[in-house]
Amino acid sequence: MTSSVPPTRSADNPIRVGVLGARGRMGAEVCAAVEAADDLEVVAMVDSGDWTFDLADAGAEVVVDFTHPDVVMENLRFCVDHDINAVVGTSGFDAAKLDTVRQWLEPKPELGVLVAPNFALGAVLSMRFAQLAAKYYDTVEIIELHHNRKADAPSGTGAHTAGLIAQARAAAGLGVVPDATTSELDGARGASVDGVRVHSVRLGGLVAHQEVLFGGEGETLTIRHDSLDRKSFMPGVLHGVRAILDHSGLVVGLENLLDL
Ligand SMILES: NC(=O)C1=CN([C@@H]2O[C@H](COP(=O)(O)OP(=O)(O)OC[C@H]3O[C@@H](n4cnc5c(N)ncnc54)[C@H](OP(=O)(O)O)[C@@H]3O)[C@@H](O)[C@H]2O)C=CC1
Ligand SMILES: O=C(O)C1=N[C@H](C(=O)O)C[C@H](O)C1
């Protein structure tokens, strides 16, 4: 990804980054990517059981959080209380949690928090494409496929995509997605997220994948994205770290920091 944020900092004065979940699959990758960037430096690596006050003591300007849906709100509260900007990849955000973060940020106009369901450029683009296609098709379903160590289902990306499609359908005056099923085994039709069915596959060997399937008269459209390596998320994470310093308040979705 080419950054639309011109580097404002240099190796002499790098952006000081703290990483939460630093020993996890994503956190370890983030530490390596930040260390490899000339204009960024890791000043704190924090994982479960470590003391979070390291972040404030280390003078972190931006915290990157890839932890767990159950702890991310507590981490964000800490960051806001200590005037640290945040770039959050951890999943599990619903409208209520996002509203809470907005409220925390109200008295802190100088602070920015980015919550991004997916940092991979292709995933961001595929969500945009799905948003564009939504009004043209009566029926739509999402299949998200991930590694079997993932804590949550559906994925944050799947839920976010469903929300974007639902908004586009509503704006176009489309009603509920037609479905004639009258008899089903529990779970057979997936979870309904904002009226869109999301099916979650968990399989060893996978990283992160998603298909959005649209169906109309005599045709289907499938929009598929595959993250084959966690490196796919890194350009987006670094872009978010650089860009959030120039933003205030809550930004939901990397697309809002890109020129899409
Ligand atoms: N937005 C995006 O583009 C992406 C988002 N994700 C999301 O990121 C999150 C993490 O994923 P992944 O790296 O695979 O998960 P991992 O389980 O590999 O890593 C999470 C790490 O966070 C640690 N941790 C737990 N609680 C805390 C805490 N309170 N403070 C600091 N560290 C803590 C865990 O420690 P322990 O194991 O000891 O509990 C673990 O080391 C998930 O929600 C996932 O869905 C993942 C990929 C891309
Ligand atoms: O847990 C993961 O791996 C991922 N989580 C995010 C999600 O829940 O959408 C992003 C990506 O799909 C990988």
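Cβ atoms are placed via backbone N, Cα and C, with glycine included.
Please treat TrEMBL annotations as automatic predictions, because they have not gone through curation.
Its Cβ placed at the centre, His146 (active site, proton donor/acceptor) has 22 other Cβ atoms within 10 Å. The active site, proton donor/acceptor annotation in TrEMBL covers His146.
Secondary structure at Lys150 (active site, proton donor), as computed by DSSP, is coil. Taken from TrEMBL, the feature active site, proton donor covers Lys150.
Taken from TrEMBL, the feature NAD(+) binding site covers Gly21, Ala22, Arg23, Gly24, Arg25, Met26, Asp47, Gly89, Thr90, Ser91, Ala116, Pro117, Asn118, Phe119. Of all Cβ atoms in the protein chains displayed, 25 besides its own lie within 10 Å of the Cβ of Gly21 (NAD(+) binding site).
Residue density at Gly156 ((S)-2,3,4,5-tetrahydrodipicolinate binding site): 20 other Cβ atoms are found within 10 A of its Cβ, drawing on all protein chains shown. TrEMBL lists His147, Gly156, Thr157 with the feature (S)-2,3,4,5-tetrahydrodipicolinate binding site.
The domain 'Dihydrodipicolinate reductase N-terminal' (15-119): residue composition by secondary structure is 38 helix, 25 strand, 42 coil, according to DSSP. Look at TrEMBL and you will find 15-119 tagged as domain 'Dihydrodipicolinate reductase N-terminal'.
Here TrEMBL flags 122-258 as domain 'Dihydrodipicolinate reductase C-terminal'.
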Of the recorded positions Arg23, Arg25, Asp47, Ala116, Lys150, which one sits closest to Thr157 ((S)-2,3,4,5-tetrahydrodipicolinate binding site) when you measure Cα to Cα?
Ala116
Structural state census, the domain 'Dihydrodipicolinate reductase C-terminal' (122-258) (DSSP three-state):
50 helix, 40 strand, 47 coil
Cα-to-Cα gap, Asp47 (NAD(+) binding site) vs Gly156 ((S)-2,3,4,5-tetrahydrodipicolinate binding site), nearest whole Å:
21
Could you list, ordered by sequence, which of these recorded positions: Gly21, Thr90, His146, His147, Thr157, have a Cβ under 6 Å from ligand 1?
Gly21, Thr90
